[in-house]
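J.: Quick one: the structure is below, questions incoming.
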């Protein structure tokens, strides 16, 4: 049967009758159920309960995946959001803060998405444990920020980490070092779903284990899984019982995502008396952000539209900085009671992201994922807030790492702020070549981080190293040709220079 339907989508497009399509769908769902039952049968008694929940969640996602055809948005229905649905941050800040800000803070929980590994930067283990600044990791900086808040206002804001099966053990070992800090830290795990063979649409896992050769069989299904996992863990109910009302969710690698008291006050004391259940921080697009998801008005609701949902004919329009001026930073403020209500009604609707992967052995698989921000349309009275770019400071690559390690930023109580000595509010555009991709290679190539206060643009390609106390200003391009090596000497000042393969230094 599966040889006959080797490629599901091809069969779907060729099948004229919806009846035939329905038969195929039912066959695929039945085959999937049989395979998942076999996997569940291999679970130990102490694993059965949570494995069952994971596989039930996966089954729902797979069912929806089989129902959907083509891009999930009708381009003709996309409209610009109404003026008041995306508020400028300045307007929210202008309201000031009440005297009782501590009582407002005590209703907040900070949640960091901590499911990712540092593999894209050549690191083993959780990305949150990569050293970012003065030996401090992403996790260290997060704990310092919240501890500073709790000490300054005499409050009890807890930190919750959403781990994945990839990061949970290593993270828990590290958490012991914060046992005396003034931050309560909780963790819960996102689900573990089976990867499916692209040809047969069946799981590649044969049993429930996920160590050794089975590590590639499973994946964490994206941060949209936060709603179900948070609820299933029991932590959501515990926090509500403690009087907590909102969570502030962000990626742990976004160093700009600190607790903002003005936004929190706007949520807790709305000017019109009607509370928002969901706030998404957006910021203005630059040419570097054209692929970021954007907020639109769709069927009278605010809706996040990602590039993967856009019909091919409209992708260029989607990337236009003039038509879609903002993008989602993934800094979100969500009411706990609303998550509970929607989760219990099974009413959180998120588009499916189909993520194709090729495993080490060459097998093509797909993993079905969802994104946390996509749920905005399921909540009542949602709002976008257009925040300064400084609240979006993600570290995805060593080029980003160079920026946050440099003198462009100063560090205070775990928070990075742009140095007052920088004359322009934007950060330089930095592109480091493949010799710098891995963190350990990158660190080896800089004896010290250059002075970048007056830098606009840096491109480095090939075998290049930097001595101590180098200054970079304006536009600097350094290209070592294949087989050549360029050593920028200690104390060098490069201002508007192109340094090419034979070490000639030219004016740019």
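Cβ atoms here come from the backbone N, Cα and C positions, even for glycine.
Positions annotated as UTP binding site by TrEMBL: 127, 190, 222, 253, 396. The feature substrate binding site is assigned by TrEMBL to 223.
Show me how these features fit into the structure around them.
T.: Applying an 8 A CB threshold to same-chain residues 6+ apart, the list for residue 190 (UTP binding site) reads 115, 162, 163, 164, 220, 221, 223, 225, 226, 229.
Counting Cβ atoms from all protein chains shown, residue 223 (substrate binding site) has 24 others lying within 10 Å of its own Cβ.
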J.: Report the same-chain neighbours of residue 222 (UTP binding site): residues 6+ apart in sequence with Cβ closer than 8 Å to its Cβ, ordered by sequence.
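T.: Spatial neighbours, sequence-distant, of residue 222 (UTP binding site): 353, 355, 369, 370, 371, 372.
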J.: Does residue 253 (UTP binding site) have same-chain partners at least 6 apart in sequence with Cβ under 8 Å from its own Cβ, and which are they?
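T.: Set apart from residue 253 (UTP binding site) by at least 6 residues yet with Cβ under 8 Å, we have 116, 127, 128, 138, 394, 395, 396.
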J.: If you count CB neighbours within 10 Å, which one among the binding-site residues 127, 396 has the smallest count?
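T.: Fewest other Cβ atoms within 10 Å, among the binding-site residues 127, 396, is found for 396.
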